[in-house]
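Written out below as structure tokens is the structure these notes cover.
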């Protein structure tokens, strides 16, 4: 199993290796070119001395040339050896007594320039033939490369030291920098562990002055807010659903106990208890169906068969049916003169109409006047449903589409609602690309404005 590394150590290791490698390569390249330049300079210096010696033999005879004359043509750390044609050494002189070159020269196959190592020191050796009127032989110039080699070694040591110092500095800076970068990540990790232990607390308060990590913190805070909100909604949903199911179950249980005690002998009690129990079972069934509908997602919606629905005809059909059931209500319709086609599942649209009209009727028990308007405006299909009932307080407007939320909680059960209708309606509208707006004034009116885009 591969051992996991901390991000800051991994970051520090990578940046340090990259920096060290870069500096090392850079120094090696510089040393390579500098070494080549210095070597050329050493060769040029030896060439000049060798040429001066050759010119000296062309201007003077061998007997007139002294050791001082030869030394005057030499630079520091150089030695000159003069041989005749037979390879006999005639003169050997140097301006540096520390030179210890003792290699024999092969005059049959002489190399003009070569490097020879003697006693641990490299020497540049230049062999030149001398042909003058009075002398014929060879000059051998020995140029010590000890200073050159020492300088190159020093350059390597300096480069290595510089690389190590730069590496240490880079490692320190990388550690500090990576610690600053990973600090919000570590803090968020600790925060998540705290949330796991203690539940949701305050948001993460941290500023790093780095755009990426600050965005990460903002995203984390937003995500935690959404998770907390979702968690609270889920908890509230479970509590509300439990409450909604508990009430009819308690009623059913009470009437079953009543039947067990007296209903066996009293047909009236039996009939009443059975009717109430059936009504509560129907209420539970409807509640479960609506809860299942709310859990359906867009994938399930895509499976539904959609068709072009004439919304004016559907509204007229629903209003006609409701008028027969509720003759005491007035349904005022102002429908668009031209047919309006909406691509939607017909059952969903019928359910949508019934939810809004039923909701309007529940909260308009005094005037009993429901107004429905349709129009086509700015490539949008508009449906307005207005009641003249109790209205909705402004503080409640943002919550009316929440599950189990009721404006008038004291009257909700007597009106037969369970607080899921508007949540279902909102989901149907959203799944079909529409939107809902609400306008309301207390003790005056409430208008639900439903709009759908016109699709070609």
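For all residues, glycine too, the Cβ spot is worked out from N, Cα and C.
Copied over from Swiss-Prot:
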TRANSMEM  13-33  transmembrane segment
TRANSMEM  157-177  transmembrane segment
DOMAIN    179-232  domain 'HAMP'
DOMAIN    240-456  domain 'Histidine kinase'
MOD_RES   243  phosphohistidine
On the domain 'Histidine kinase' (240-456), the mean of the pLDDT values is 82
Same chain, outside the transmembrane segment (13-33) by at least 6, Cβ under 8 Å from its Cβ: which residues? 152, 155-156, 159, 162-163, 166-167, 170-171, 174, 178
Cβ-Cβ under 8 Å with the transmembrane segment (157-177): same-chain residues at least 6 beyond its ends: 8, 11-12, 15-16, 19-20, 23-24, 27-28, 30-31
